[in-house]
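> For 65-173, 183-329, 422-552, the entry in TrEMBL reads domain 'Plastocyanin-like'. Annotation comment: TrEMBL describes 1-18 as signal peptide.
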C-alpha cells in the first residue's frame, strides 16, 4: 500500500502528565515501515520535545519459508518478523492497521502501560473487539517508558502464525549510552508448519488428550534450518536456508536487544567466546551482570552488551530450546523433526565465509525452564517497593477437564473465556458492575483510595499446582518479583520474611516454576481492565488467564473512542 498520510493535530494529554509531554503540536508523516533485522539499528535522534511517530502496518498473508519450509505467514507489511517500530520516551505512537488477512486481527503492545488509553491495549474481548477483514483501525497512545518491547496479535493463535515484531523505545538519559558502539535486535521463536487455525481445532476438541503441540523448528530472527527430509510429500522445502548472521567489527562493543517471541518454548542463548553483560530486563535497566549463558522464557526481553574482542573469525550463536511442558504420543506433532539447538553466526567483518568452529559454553541444566537468577538482577535506579497493599490475590494455577471432556486450564478453578464481541472494558463503562461479570471472565477487582492511587499496591501469589513452568505476564504494569519459589518446592504461601523488599528485580513476565509459588507486587496506579495470563499461547487458549479490574469507580467514566466501539458493531453485524 503505497501512500502517505499527513496530519496536523494538537495532542491533549491528561493534566497528570508533565508539561514537557504536553508540548506536542506538529505535523507528522505516516510511513510504510520496513526494516532489516540483520543491520545495526539506528537509534532515533533526541528531540527538544516529544513528537508523534506514525506507522502504517498492512496485515497480509504471504508465502514465506522462515526455516526453509514454505507456508502462508501472517505478516505485517509482508515481513516476518514484523518491522521494527521505534520511538523516544514521551513520544506519541500512532499505528494505522490495515487488515487484509481475510480473518479478524488485533495487536497488543507488549509492555506498554497504556495509561489513559486502556482501550488501545489490544487483547480481544478484554479491551476491544477484533479488527474485521478489510477494515482499518488506528492505535494511538503515548509512551512514558523506554526499553525493549514488542507487538503481537492477541486474536486466537495469530501470533504463532507470524504477526509479531520488535518495538524499541529510546531514552537520551539512558546511562548505558556510550557504553557500546552499535546495537542490534534479535528475536527468538518457535515455528509451526501447520496454521494454528487447524492446530487449535484439534487441540481444543473434546477428544484431544495430548499436550501443547510440538513446534517444527526454532528460529533466530526469523531464520531456522528445518530438516527437509522430514517434510511431507508435495511440500516446498529448501534444505539450504539462510542462517541468521550478525556482522560485527573487531574492537567495537555491541548492544543486542533479545526478545523471545515464541508460542511455547524457553531458550538459553549464548555466543561462543563472548560473555554477555545484561543491562536491561523487560524494559527496566539493571546493574550490569555478566553471564556466559542466559535463559529467556516466552515474551521476556534482555539487553546485553558484549565486546567484539576476539580474533577475526566466525562464532556460533546458540539458542538452546527447552520444551517446558510434557510430550507424549497423543501430543500433536510429538514426532517433530525439531532441532533443539538452533544456531546463528556472529561474523567478524573480514572473516572468511566458513562455518564456525568455536566451542560452546557449558550448558547449565539448572537454567532450563527458569529465569536468570533474580538475585543477580538489581535495578539500576533504586525503586522502593510500595507498601500500601490494598488487595492481595491468590491465583491457583491448574489444569482440568471440562464437562465435555475437553482439557482446560484453570485459575482459582475457573477457566478464562473472553467475551469477544462485548469486551470487559465496555461492559464496565456501560454500567455493568464487576461482581456481575461471568465466572469465566475471571475478574480480580480492586479499588485504590480515590486520589491516592500512586501509593497503592496489589500483590498476587501465583501458585503453580502443575508440573509445567509458566511465564506469567501482567498487562498495563511491570511488577516487583518479591519471591520466586524453587522448582517443586512447597506451594504453600511463603512468609513476608522471605520476600526481597530491598532490591527485587522488576519485569513484566516472570517464570513460575513447577509446583511452586511466586509473589509479585505492582503499583495500582493505572485504572483499567488488564489481562493477567500465562504467555504460553496454548495455555492461554485453554483458559489460563484472568482480568485485573483496577479501580472501576474511576475508569467507568472513560469515554471509549467511537472507532473502538465501532469494531464491536462491525463484528456483531
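Any Cβ shown, glycine's included, is placed from N, Cα and C.
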> On the 0 to 100 pLDDT scale, where does the domain 'Plastocyanin-like' (422-552) sit on average?
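Taking every residue in the domain 'Plastocyanin-like' (422-552) and averaging pLDDT yields 94.
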> For the domain 'Plastocyanin-like' (183-329), DSSP counts of helix, strand and coil?
11 helix, 66 strand, 70 coil
> With helix taken as DSSP H, G or I, strand as E or B and everything else coil, how many residues of the domain 'Plastocyanin-like' (65-173) land in each class?
3 helix, 47 strand, 59 coil
